[in-house]
Amino acid sequence: MRIHDLDPQERPRERFMISGVSSLSSAELLALIIKTGTKRKNILETCQDLIGRNGLEKLADLSMRELQETDGIGPAKAMQIQAVFELQKRLHFSRNTNKKVRSARDVFDYMYGRVPDESKEHLFVLHLNTKNQIISHHLISVGTLNASLIHPREIYKSAIRESSHAIILVHNHPSGDVEPSNADKQVTSILEHAGSILQINLLDHIITGRDAWFSFREHELLT
């Protein structure tokens, strides 16, 4: 069925005009953006299929190739979908500029969307000023955290350059299990000692998963 064959009150554009944007489903919102379907399926059916098979969270992370596995989604529509989610990420980033850290949850929220590939471990250092506001962040390494590979010099070099009052380490666990490994604890201990010498406080080390986090500070693993 073509979109124009639907009852006017069921068409996304008309529903938008009558009831407002918040009344639309996720599939209807996406249909407004990519607009056209195929001879086999109208655009609303295509978007319902796309979201139904993936969910919004997974959809936001799909590659161009993965998006095009859905019938009716070609390169142009895949680019439109990726552009929408990229704008959403940038809005989130802009709202978190100079974010004040009061808890590990603040750091978890700040890091949303900043890990480019969740299938690999990424170690970041966040630089904070005297008000505990995040002034910048820096990607240190990609790969399994290991004390023999992570040198304090690499961590604190950027902190000195940014005139940081304190730093927070953040790294992700692709498995989703946020419990710290022995290597995580060893790296944290080494970096906390180095920070005390440089008088740059290691405020926290936070391990993130998909929907959870572990804070060394909140679990009293930092002095």
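Including glycine, each Cβ sits where the backbone N, Cα and C put it.
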- [ ] Let me know which member of ASP184, ASP204 Swiss-Prot also records as binding Zn(2+) at the site of HIS171, HIS173.
- [x] ASP184
Open item on the list: With Cβ-Cβ distance below 8 Å and at least 6 positions apart along the chain, what are the contacts of HIS171 (Zn(2+) binding site)? List them in sequence order.
Closed with: GLU121, HIS122, LEU123, PHE124, LEU145, ASP184, HIS205, ILE207, THR208
Open item on the list: Please list, in sequence order, the residues in the chain of HIS173 (Zn(2+) binding site) that are at least six apart in sequence and whose C-beta is under 8 Å away from its C-beta.
Closed with: GLU121, ILE207, THR208, GLY209
